[in-house]
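Accompanying notes for the structure given below.
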Amino acid sequence: MYSQIDANKRKTYLLIIIFTAVVTGIGWFLNYYFGYGYQSVAIALVISAVMSLVGYYKGDAIALRTTGARPISKEDNAYVYRMVENLAITAGVPLPKVYIIDSPALNAFATGRDPEHASIAVTTGIVEALENEELEGVLGHELSHIKNYDIRVMTLVIVLVGAIALLSDWLFRFHFHGRGRRSDGKAGGVLMIAGLILIVLSPIIAELIKLAVSRRREYLADASGALLTRYPEGLARALEKISRSSAPLATASSATAHLFISNPFKRKSVTNLFSTHPPIEDRIRRLRELA
């Protein structure tokens with residue numbers, strides 16, 4: 001577990017370094033082709049720092065807001081709240097904030113920068129559909145993400161991936177307004193080509209960044225969650241019900257999809273190469289091997 005925590009902390013720094021390099025490269029590009037001076041590089045570094053800080057400190061709030069999660073207290077839903085409370089005590093982590101998403105979809109996720117600043121969100125659909133032991137399995141899985149610091153990397157990815165998409169769009173649009181020391185035709189043409197390339201590549205870059213988080217974390221969270229509840233069959237049955245559900249989560253986006261316990265879009269991919277989730281059948285099989 002401790003090696004996984006250390007690996008996740010290293011990945012956090014690596015993601016920030018990669019993002020800073022990309023944004024700084026764009027700043028250098030603008031300086032070279034438009035003669036804006038090295039202030040463009042300085043601005044790029046400032047943007048990188050600001051976006052990294054936003055991702056680190058506010059990424060969880062962004063994830064919760066965009067998915068439509070609302071906070072609950074023990075009085076609002078004692079069943080879910082007490083279950084999270086009891087499992088947090090067993091896991092030895094501070095009680096995370098508990099959220100509900102009003103959706104018939106069967107899903108859940110955890111977010112935050114560390115166990116002291118963590119949140120768990122579950123849909124109304126998953127609360128209604130699962131038996132007690134099954135819901136415990138799901139919550140145990142999410143608490144394992146918190147304990148292993150998976151949430152820090154997963155949450156940071158939301159903002160940085162979104163920023164890459166925005167930068168590609170901005171670079172393309174800038175072509176129509178940019179002026180500089182080079183001939184407008186040459187500079188504008190190069191900028192447009194660069195923008196088009198980044199627009200085409202940004203979804204791939206985003207998926208590769210999310211894959212850097214590693215699908216292996218889902219297997220580890222399944223195993224850790226089963227160890228926490230001491231009942232692997234509970235999570236296995238929960239995953240079976242989740243896989244049979246056809247209701248997508250309307251408020252999910254490609255930027256937040258990797259947070260969830262299962263693919264929130266409920267569509268089959270042509271290939272599993274860029275999937276942020278391992279095949280659910282494999283997860284069920286591994287859990288039953290633990291039992």
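Cβ atoms here come from the backbone N, Cα and C positions, even for glycine.
Remember, it's a predicted structure, so these values are computed and weren't measured experimentally.
Checking the candidates E218, E233, E240, E281 against TrEMBL: the one annotated together with H141, H145 at the Zn(2+) site is E218. Counting every protein chain shown, the number of other Cβ atoms lying within 10 Å of the Cβ of H145 (Zn(2+) binding site) is 28.
The Cβ of E218 has fewer other Cβ atoms within 10 Å than any other of the recorded positions E142, E218.
Between the CA atoms of E142 (active site) and E218 (Zn(2+) binding site) there is a gap of 10 Å.
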